[in-house]
Every structure is written in C-alpha cells, then in structure tokens.
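Notes for the one structure printed next.
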4 protein chains.
Amino acid sequence: MSGNTFGTIFRVTTFGESHGPGLGGIVDGCPAGIKLDEAIIQKALDRRKPGQGYGATSRKEDDKVSLLSGVFQGKTTGTPIGFFVANTNQRSGDYSRLKDIYRPGHGDYTYDAKYGFRDYRGGGRSSGRETVARVAAGAIAQQVLARQSIRVMAYTVELGGIPARETILDQIETRPFFAADPDMVAAWEERIDTVRKQGDTLGGIVEIRVQGVPAGLGEPVFDKLDACLAQGVMSVGAVKGVSVGAGFEAARMLGSENNDPLSPEGFLSNHAGGILAGISSGQDILVRAAIKPIPSIARKQRTIDRTNQEQTICIGGRHDICAIPRVVPVLKAMVALTLTDMLLRHRAGA
Amino acid sequence: MSGNTFGTIFRVTTFGESHGPGLGGIVDGCPAGIKLDEAIIQKALDRRKPGQGYGATSRKEDDKVSLLSGVFQGKTTGTPIGFFVANTNQRSGDYSRLKDIYRPGHGDYTYDAKYGFRDYRGGGRSSGRETVARVAAGAIAQQVLARQSIRVMAYTVELGGIPARETILDQIETRPFFAADPDMVAAWEERIDTVRKQGDTLGGIVEIRVQGVPAGLGEPVFDKLDACLAQGVMSVGAVKGVSVGAGFEAARMLGSENNDPLSPEGFLSNHAGGILAGISSGQDILVRAAIKPIPSIARKQRTIDRTNQEQTICIGGRHDICAIPRVVPVLKAMVALTLTDMLLRHRAGA
Amino acid sequence: MSGNTFGTIFRVTTFGESHGPGLGGIVDGCPAGIKLDEAIIQKALDRRKPGQGYGATSRKEDDKVSLLSGVFQGKTTGTPIGFFVANTNQRSGDYSRLKDIYRPGHGDYTYDAKYGFRDYRGGGRSSGRETVARVAAGAIAQQVLARQSIRVMAYTVELGGIPARETILDQIETRPFFAADPDMVAAWEERIDTVRKQGDTLGGIVEIRVQGVPAGLGEPVFDKLDACLAQGVMSVGAVKGVSVGAGFEAARMLGSENNDPLSPEGFLSNHAGGILAGISSGQDILVRAAIKPIPSIARKQRTIDRTNQEQTICIGGRHDICAIPRVVPVLKAMVALTLTDMLLRHRAGA
Amino acid sequence: MSGNTFGTIFRVTTFGESHGPGLGGIVDGCPAGIKLDEAIIQKALDRRKPGQGYGATSRKEDDKVSLLSGVFQGKTTGTPIGFFVANTNQRSGDYSRLKDIYRPGHGDYTYDAKYGFRDYRGGGRSSGRETVARVAAGAIAQQVLARQSIRVMAYTVELGGIPARETILDQIETRPFFAADPDMVAAWEERIDTVRKQGDTLGGIVEIRVQGVPAGLGEPVFDKLDACLAQGVMSVGAVKGVSVGAGFEAARMLGSENNDPLSPEGFLSNHAGGILAGISSGQDILVRAAIKPIPSIARKQRTIDRTNQEQTICIGGRHDICAIPRVVPVLKAMVALTLTDMLLRHRAGA
C-alpha cells in the first residue's frame, strides 16, 4: 500500500520522477475561497531551486508550475487542486551507467529490493526532485495558514558541525543558507569550500518555527501534533532525526528544569516546543531536523552491482555539497502541510 | 478529526481514560491463523506495570487483559480483535483538587483549550495509563512479526544524563531499566535516588532495535519506514525526539563517513539505521527516542488555574521519578505496530 | 486490509462474534460536549432485540450496553467512546453440527474461502448479531444529529411482496414492523404466518428518511452523500439493493418528469431524494433498501461440505422469518452514522 | 473533508473541471511490473467520447491522455501514476448566462450551498466530464485485473423503459448502446428519436458483470464487496439506484427461491450476484445501476436564481439525450477500480 498521500483533511498526493515528464500533485480538501494563483506557488518553488548560493550545484532547473484545476477567478473553489511542473533540464545520459550499480547511501538497493526494478535515471522517485511537489503543495497550505495569521519559518542552525550562536528571525529567509545567525555565513561557506575540495559532503541542522498557532491543534493519542510533525519532517529524504522543543537535551534535564511554568501572562519558557500532550499550547512550535550529508560524493566508494559483484564507484557530476539550503523550504512545506491539516482536523471536531 | 487509530492495514484503535472503567482497543487487519491468547498479551502488559524496579511508584496495577473477539480455538480468525483491561486501582480522591489547576508539563491546559472541558481524574486520556492499550496491541503485532522471524528489542542507553558505554543484547530485556549496559545499573539507581530526594525527576534515551527485517519495507514518499516509525515513537507522551541510525550525529559527519558501503557479504556499517530512502535495507533497524523527565515533581511550581489566576502547585503522591523503564515496552510496542503495518502494506503492493 | 471501520471523521470501528464474549466498538471523532449515557444507547438497542412482534424468533437477548470511556459527567469529552455488549444467551451446541457444512445464502463458504477457517458458531462475525454494535454507535450519532435538529426515521414500505399504500410518519416507529402504513399490518402478519408454515422466509423494502438536513452535505466526486449512504446501507447483511429518491423508477422517467423544479419557496418535488450532484439540497433525504429473505429456512436444501461432498441441510431452530423489523433500526443507524460523518466532514472544509 | 480519492490500497485521486485546463488524476498503489502505456488508456477513453452513436451530442472531444509518471520501459514501477487530459473543446461563452441561475436536476444549487460559489462554466467539477479521469484510472485497474484473468463488462439492459429481452455477452461492448440484446437497438434508437423531438431526455439501466473473480474478495463488515461496489457505482453522477444479483426482486422472493444451492460442481443459481456475506463466492459478480434521465432538457422549466427570484430556463445547446451509452464505460471503470482495490486488500490480509 503506497504512501504518496500526506494529511487527512488537507491532503496532498504527489507523483513524479527525476527524469520522467515532470512532477506534480493534487491538494484535496483545501477550503473554498482561499486566494491562490500560480505566482504564489512559483515564488515558493523559486526558493528551492539549485544554484542558490553556496554548496549548490550549478544546474539550472526552471521549475514552472501550472495550476490545472480547483481555482476560479483567483480563488480556490473547494474542489481538488491539480498542479504540474515539467522536467525540462534532465540529461538521461548522465545516469545510464548507474543502471546496475548501487550507490551507497541512496535508495538504489532498497528500491530494487522493494519493487523488483527501478527507474534508475537520476534516482527516479527517490530523487530530491520529488520535493518540488511538496514545496508547491506547501505554498498552498501556507495560504490557508496565512488566513489564520499562522506563519511558518525555517532556517539553518548548524552546518558541517558548526552551530549558529544565535537566531535572528528578522530577514532570516533571505539570508544565505537561510542562516539563523548572519555571523556564521562566512564560516559555513568556508567549511563547504574545504569539503568540496575533498570531494566530500556535509550535513547540518534545520529549525522550523511556527508563530501564531492557536492552542488546541493536535489529535491524541496517535496523531498528536508532534507525532504528525515528526512523520512529515522525517519523510524528507535527508532527515535522520527530528526533535521538538528541547528535544534530546530534555533527556538530560531535571523535571524542574524542563517544565514550562505558566503565568497569567502565558508560559514562562518553551522547552516543550509549543506542544503539551500532543496539542499546541499557543506558544511557538519549535521543531529541529538533522540533515545527513549528501550521499553522492566524488570519492571512491565500495559497493556492489545487481548481480552482487563487488564494484567501486566515484560519483562526479553536478551534485550539491550539502542538502542545505535546498532542504529548508521543503521542511517548511512539510510543517505547513501538517499544521494546515491539524487546523482543519481540529475544526472538524469542534 | 480524532487520531486514536494507528496503522493502515494492521490497524489499532484505542480508548480509555486513567479513571474510567478501563482501557482497551481493537486490532483490525490481523491476518487469520496467528497464534494468540490472553497469556501472550498479559506477559507484555506485566512488563510495563509499576513497581518494577527503581524509579517506579509503589502503586499496584493489576492490568488483566480480556480478549473479546477475533480469536477462535487459539488462533486469530481475520476478524477484529477486541481487548479490554479494567481499571481496578484508581483513587479519584487523589485528583479532584486538580480540577481547576493546570499542572506544568502536563496536558491539562491544552486539553481544556481543545475540548472545552476534560476528565481531570489522573490526567484522563492524557495519562500514561493510555499506553496499556498500546502494549496489548503491540503484543499482537509481535505475534505477526514472530512468524516472519522479525524481533523487536528496546532498551535504555542513557538515563539522567549518564550514557551506557556499550550495548549487550543478550538478556537485555530482563535487566533493571532494560539497561543496554549492565555496568550502568548501579550508577543509574544512584542518580535516581539523589533526584528523588530533591523532589525532582529524570529523563533518558531509549533505543529500539529490530532484527530480521527483510529489505523492502516502507512506502515512499510520505509513509517511508523512518517517517512512520517517527510518528509512532513521537506519539508516546514522554518522547521529545526521535532519530534513526546515526541520527543527529549524522548532521556532523562527512558523506564519506556516513555512507554505508556495500559488499557482497552485505553492508559494511549501519549509520543509516537499516533504512535507505525510506525503505528497509535488511540491516537492523535502529531508532532512538529522547524521553523527557516526568513533569509531576514534588517541588513548588508556578502555574495558573482555569480562571487564569496565578497559583503554585506541588505534586506529591505516588509518582514515578522517571518514565524509564515503563516507557520501554511502550516504545517496543509502537515499533512493532509500525513494522507489522509496513510488512502487510508491502505485501499488499507486491 | 480489513474493513471494520465506518466513517472518516465520525468513525466507528466494531468487533465481535455471535458466540464470543460479546460485541462492541469504538466511536472516535465524536465532538466534545454531547449529552450521552448508557440509557440513550440502551433504548436504541432495545428496538432491535428479537421477540419484537411478528416474524421474530422467541430468543431472548438481553443486550445490555456498557460505556467504557469517552464520557464524563454525562457528556462526551472528545476522546474515543468505547462500548461493549456481552453475549449472554448463546448456545454453542446449536451450531457445532454446522462446522463442516455450508448453509446456502450464508457466509459460511465465503468466510472459509477468505480466511481459511471460521468461527462457525452462529455465523461468527457474519451473524446478524454483529449489528448490535452498529445500533449502539448509531445511537451516539443520533445524539450529534439531534443537536442540529436532524432526525432519521426508518420504516417498512413493503413486506413479502405486499407494498404499503401510503406513508404515515406520525408514530411510525412504534408501529408493528415499523410499518409505513398501519393498514398493512394485518396483511403482513398473515403473509408471515403463511410462509412460516411452509418453512420458508420473506424479504421486504425499508425506507429511510432524514429530516432537517441542511443543504451542503456530501463530498464529491467519490464520497458523494448518496454514494456514502449506499455503502452504509449495502453493508448491512440482508440488503441487496439501495436507491435514492425515485431510484430505479427514475430510469423510466423523462427528464421533464424526474427533474425537481425550484421555486422561491423551495423545491416543488423530490424525485432526487434530497441529493443533487452528491450534495444534500435541504429536502428530506430518501433512501430505500431491498431486504432479501432470511437464508435460514426450515426446508431441505442442496449444499456441500468442506470436502466438497454433496449434502442436504434443513435449518431448524429459533430463526426469524423476516429480517424486518429487526433490520430497520440497523438501517436507521447506518444512515445516522453516514449523515453524522458528512456533517463533520462538511464542517472541516468550511 | 473532500472526497476525491477512491479506494484504499489501489487508490485513485482525481481533479479537474469541465472548463479548466483539463482533467487528471493519480493512481497510487498500482503494483510494479504491470504493462502500461498511453495507448491502453487512450482506448478506454475513446469509448466514452461523445458522438458515439445514438442519443449523443455532436460535440467533438479529443481526450488525449498523457502519462506523467510511474511507468518506465512500458511497465509500472510501483510509484504513483500521474495522468492528464487537456480540455481542448470548451466554449465558455455557452455557459456564462448560467452563472446566476440554478438548472433543475443539476448541482448548481447544492454546489453554491456547499462552497459559497462555484465554477459555473459547464457544471465545473460536477460536469460529466469529470468521469474522464475515472475512465483513465479504470483502464489502469483493468490491466491489474487482466493479470489475474478477471474481466469486467458493462452493458445496457434497459433504455427509456424498454428492457432487453436477453443478454448476449459475445461482442456486447462493440454494439450500439453497449446493448445487452442486439434486437433492442432499433427500438431504443426510435425511443430516443421520439424523446429528442419532444425536447426531453431518457434514462435506463446498466448491468456490470465481472468474470473470473476468485472467492474471498471483500472486507466485512463495512467494506463488504457489495458495499464498496455500491459506493463506487452510486458515486457516478447519473446513478440513482444500485443492486446486486436479484436486487430489489430479492425482496419479493421466498428464501427457498432466493438461496443459491451449492453442488460439488459449484453454485446452482446466482441470485446473490456472486457475493455472500460481503465476500465474493467465485461466481460472476452482477451489479445493476439505475440511470436517471439527463437533467438538461430543451423544455421550459421553473427555477430560481442566486437571489431566490423565480426564473424560467430552457436549456438548448449540444446536450446528450441519454447518459447511456457514455456512462457505461464509466460504470465499468468504477467496478474495475473497486475490484482491483479489493484484490489488493485481500492480498494484504492473507
């Protein structure tokens, strides 16, 4: 039973491979009367495109979105919203030699194990290009959230082992790397340069913050807000860990340190990350995602082929050094999709 | 839209509050012909009961499970399996004073915000007792997994900031704290004693390991195996973070360090935690959960009541110091439920 | 993938077999603050019990419901509502001879084909007793509908081939057979007596009418209101056909006859049965269900056993002659469950 | 909560309006390795296009399908299959005068009631053109069924009140009207001519037959095979009734007449329509659908506008007289989709 649908009431289903005709999806369950046009989605897509600053490939992907349904006279009609982004810049020749060999850290081996064969061109469905559809859908979700004055931000708090020292929200999304801390940009660029020369790659940590969330969102006991955020965030290819509020640090705190006291003016701290017992408390939602280094490295690696013969592989070509910053808009999209679904789910039960 | 169902094909729905008649659930989608009786479930329930070693309350909960349907002549029939555990040891008098006050770190405030009122006795649905139904359902899942020689283990790798130095799987589930490292037990007991005297509480980190998982489980792109594990694990009350394989450490590694090379004899490392591109690789699945300290502390805390007036609260009574070890069987159950669903989902698509 | 859950937002999952410990279910997604207690459910259950008028068995089933969760101080809390009805009057000895033989018209053959073996006592899960849980859940749904002044009625419009001549709604649910037309009761009783003496059984047609439904319920294009009603009604064991409004007669009408003209005072007819393009129009919802004759007849029938050997069977014992009137409250329950789900679904999208 | 997804494991989600850019959908859950290309889908689409014989409009719709994903080297890959059919022949000018008026028998009134406004061009999402996506998805389903030698047929058994006298399956799908009985074609053509001259429209009855279904498909108690077929069939716009096997006639039969006896060679009759207790018995599945007359008639009708003022309307233009034969491939598609889902669901539980 395939899993290409996310959400229950605000529900996005996506399709598309790296080297097929294109990528797209359907958003079903978007309320009627939401302002929407292609420009709104295009703006979000433009943020994840390659060639955006350091660590990125020089590939040019012109991801032009078309809205195929569900919008009339500039507003959503309540019917399903189809959208499509054609693949325009794929070179199949780059990939044909990967038909029979398994790249370490990629899904080549597991896709073959699962489906018996795979579209080997550029990773097929397991390519990072799949996230184009997530970002498009996330842009629609953000229109719904905006109507409730809910705002999702995502930014980098650590890159290549170098943490940001502070988080300055103002203008955070126009900064290189969507960096939390403008003072770290130079150090991160340098780190990337060094690693690039080694033919290697880097990871980092991204934080997603949601402001303006009303108390009451989340559906215990299995679809708690944090549980659904965890699924959404972890479903992004490069993510190996997700935490809420104090996260793994909470495991080392005392109860008296970790608890957030309440006062008539509100909570006095936010170790909980805005979620108590799986339900939003009205504080900012704070989620972190651990991003692994990109597995395509320009160094020789041991691997096997489809006949289980030993091989070595060295992946050249136009690859990113780090999934950051491209993964940042994707994580923002996943959190926006989750929150929108939770907003409508809460409304359904009210 | 409530969220008391977990899984899609192997699907458990639970009900019950801390101080109502009891807790129970329905497992729908269990294949026919699986060996099952009450003793199998009871054994799993006995593992999570209080009074089990250090850090636990002295409450006695006799959680006796009844199977209500779906089993005939010692085997599942393919029809839904109902089960029930009566609440027998609840004292409502303990809790009535909490009717109008919000305990920091608990769901009192958010449940009121969401539903307008709440069953305030013992936390109601947000009580840890809710996990009784998870453990019962997880025991059924493990019967399905056992038939495929898939085995789930869960154990403690850090407590109160003190990490285990190694993991010795043999007899790990009969050790105090389900400790990964028998040499840490004494230090952890001492840490708990100290904190108990301070009226405070502790957290820790639990690892869940699944052996015998075939390659191919997981449903990209949203219901990846790691994404669904993340939801299941994060849905447990005390969990604030979840990671797979190298987890947050992966964010600090180079691609050449993090990638797991393949050889004809199999993978040469397991930083991926047994999951590539959201699909099991055939290696052990490795998941970690960060457990926050229990919020009920015997120290004075600032809070508010339902009328938003400032209050102080000091929670005495029979409370655990640490959710570990009681949360360990619960996490094991959630991973077993996830894996079982993924096993059947994969079969559906084959 | 089992199918023991009905509804998407107001969602009921049931369990239980004829001769197991009992029957029950979980209603998840019921809004908080709805008045509910056991007496409300009991009253609905009492309506479907046997020994109710003509055509019924003399079995006595004391179906006493217990609420297990989700209600506090007489109101729903928004958490899942568990309920249970113990089986108290089953005699397994009656059925053991049916272990290896397939009763014509029953699910014996198909359950064996599907699951490999079956609980053969009294039909197991395929017994009409399964509907106890539907009626209990339907009573909860009706509490939600009542708050919106939506009222579901169900009554018999044809029995044993003898149609009612008119429908008199006043006091319709206290009449024998829940007869639409009080003048038909005597003729229907006589028909049943005749058929009983022949060792045979009868069917009929039930109409369900919903008053007070606001315009706008239904979720095109697949979950149209009529489509979901059709699923709910057809899921009841004895039903072989379902129609909306003019139903099969519409197939013989001209467009000019079948169309319902609109006027400023409302629609001028209701051939559509209150549903246009899958969405409620504000008129009464009108649904009909064709009920087949009960397959357990006291006449000799040809059949086979599990080893595919020819057998004859004559089913004696305490069996109803007609599923009517017992199926009437069940159909009412299914329509109430469907409408409640549609009400909440519409709210979610608003 | 919108309802544009059909099925649970083999799952189709559709989008598109009559006068938007086009119609399409995503099939998620199609097993890998199924032979598929655009020609296979195109062939099915060509069967539902207008201008196909009697009773049809002279509009020309060139519904050219594009496959957007999920197929590689002529076979499905197990990833979601996106498809799209552009609208090429729409004239918006035809419809703008219908912006503020409600056509009797159409969804104009109810769509406004539900969503607050609507895409009024050609019925928008409630147009019969929506079924293009169903037929495309159904063609994919039929490829899955074909691999199991399951074959779905659909044909007309009554038109304008004139029933077929017999059903001759051979070449049934190439006959005018997909007529069950070749001898009725002339009478049906004549009936349509008469009604057309009156400016009126007609309905009929379609039967769907599935051959080669193994015993065991269907998921009691709510997702019984007949229940899911009923939803699928009733979700088609023109359908007002659905029945299985003897259908409404079963309500008038005795148990001894309606029961299908079993013999070592198989069932001796098929009043059940191939389904017992919601599970396929291995006999042919037999379903009937009542098709209402098309509501767009060229006669003056009373209605209202958006301001609730009385109006009269006479709908000219290029409209069909009867939904038959165009609805026949759509019903076939819905039954194929249902059966495919049930096939995979059964496999999941095995």
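Each Cβ is built from the backbone N, Cα and C atoms, and glycine gets one as well.
Note that TrEMBL annotation is computational and uncurated.
The model shown is predicted, which means the values in this text are computed figures rather than measured ones.
Over in TrEMBL, the protein carries these features:
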- A:R48: NADP(+) binding site (BINDING)
- A:R125, A:S126, A:S127, A:A277, A:K292, A:P293, A:I294, A:P295, A:S296, A:R318: FMN binding site (BINDING)
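Features recorded in TrEMBL, as mapped to the structure shown.
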residue	record	CB count, 10 Å
A:R48	NADP(+) binding site	24
A:R125	FMN binding site	29
A:S127	FMN binding site	23
A:K292	FMN binding site	31
A:I294	FMN binding site	28
A:S296	FMN binding site	22
Check your understanding: Can you name the binding-site residues among A:R48, A:R125, A:S127, A:K292, A:I294, A:S296 whose Cβ is less than 8 Å from some Cβ in chain D?
Key -> A:R125
Practice item. Name the secondary structure element type, per DSSP in three states, that contains A:I294 (FMN binding site). Key: coil
Practice item. Rounded to the nearest Å, what's the C-alpha distance separating A:R125 (FMN binding site) and A:R48 (NADP(+) binding site)? Just drop the number here, would you? Key: 18
Point to revise | Pairwise Cα distance for A:K292 (FMN binding site)/the residue listed as 'NADP(+) binding site' [Å, integer] | key: 18
Review point. Roughly how many angstrom lie between the C-alpha atoms of A:R48 (NADP(+) binding site) and A:S127 (FMN binding site)?
Key: 14
Point to revise | Within reach of chain B, those binding-site residues of A:R48, A:R125, A:S127, A:K292, A:I294, CB-CB under 8 Å | key: A:R125, A:K292, A:I294
